Amino acid sequence: MAPSAASGVSSLPSGFAVFTTFPDLLFIFEFVFGGLVWILISSSHVPIPLIQGWVMFASVFCFVATTILTFLYVIGAHGNRTSWITLDAAYHSVAALFYFGASVLEALATIQLQEGFYYKFYHENISAVVFSYVATLLYVVHAMFSLIRWKSS
C-alpha cells in the first residue's frame, strides 16, 4: 500500500533518479553554470576587489553547497523526510539571493570596465555576468518548484 500525501511522507528522489526528476534535474545545470561563473570571475579583472570577492564567495559557496546537496540526494541521505524539502527550498532561495546580488555587482563592475581595459577582460566579465544571471534564474526556478513541493507535502 502506497503512503498517502496526508501522512507527511514525501517522494524525494535518490540514486540516479535525482538526474531524471524535475526540479532536481536542475542540480546539473546549477553545477555547470556556477562552475563557469567561478572560473570566469577568477580569471577576470575587476577594478573593485570587494565586488570580485563577493562574486567569488557566492559562486564558490553555491558550487560547493550544490555539490554536497546533490551527493546527499544521490546517496539517499534524506530518507524521504519532509524536512529535506524545507532544506532544499531554503537553500535554493538563499542561493538565488546570493547569485542575484553577485550578478548585479558583477554587471556594475563590467560597466565600469567598458572604458580603458583590454577587450579580453571586458568580454570575460560580460560572459561572467551572463552566466551569473543564468545561474540566478536556475536557482530561482529550483527554489520555486521546491516551495511548491514543500506546500504539497
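Heads up, the Cβ atoms here are built off N, Cα and C, so glycines get one too.
Residues or ranges marked as domain 'MARVEL' in TrEMBL: 18-151.
Look at TrEMBL and you will find 16-41 (among others) tagged as transmembrane segment.
Summarising the annotation, TrEMBL assigns transmembrane segment to 53-77 (among others). Remote same-chain partners of the transmembrane segment (53-77), defined as residues 6 or more beyond its termini with a Cβ less than 8 Å from a stretch Cβ, comprise 12-16, 18, 24, 27, 30-31, 34-35, 37-38, 41-42, 46, 88, 91, 95, 98-99, 101-102, 105-106, 128, 132, 135, 139.
Listed by sequence, the residues of this chain that lie at least six past the ends of the transmembrane segment (89-109) yet keep a Cβ under 8 A from its Cβ atoms are 30, 37, 41, 46-48, 51-52, 54-55, 58-59, 61-62, 65-66, 69, 125, 128-129, 132-133, 135-136, 139-140, 142-143, 146-147, 149-150. The transmembrane segment feature in TrEMBL is assigned to 89-109 (among others).
TrEMBL lists 130-150 (among others) with the feature transmembrane segment.
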Near the transmembrane segment (130-150), which residues from the same chain, at least 6 beyond its ends, have a CB less than 8 A from one of its CBs? 10, 22-23, 26-27, 29-30, 33-34, 36-37, 40, 55, 59, 62, 82, 85-86, 88-89, 92-93, 95-96, 99-100, 102-103, 106
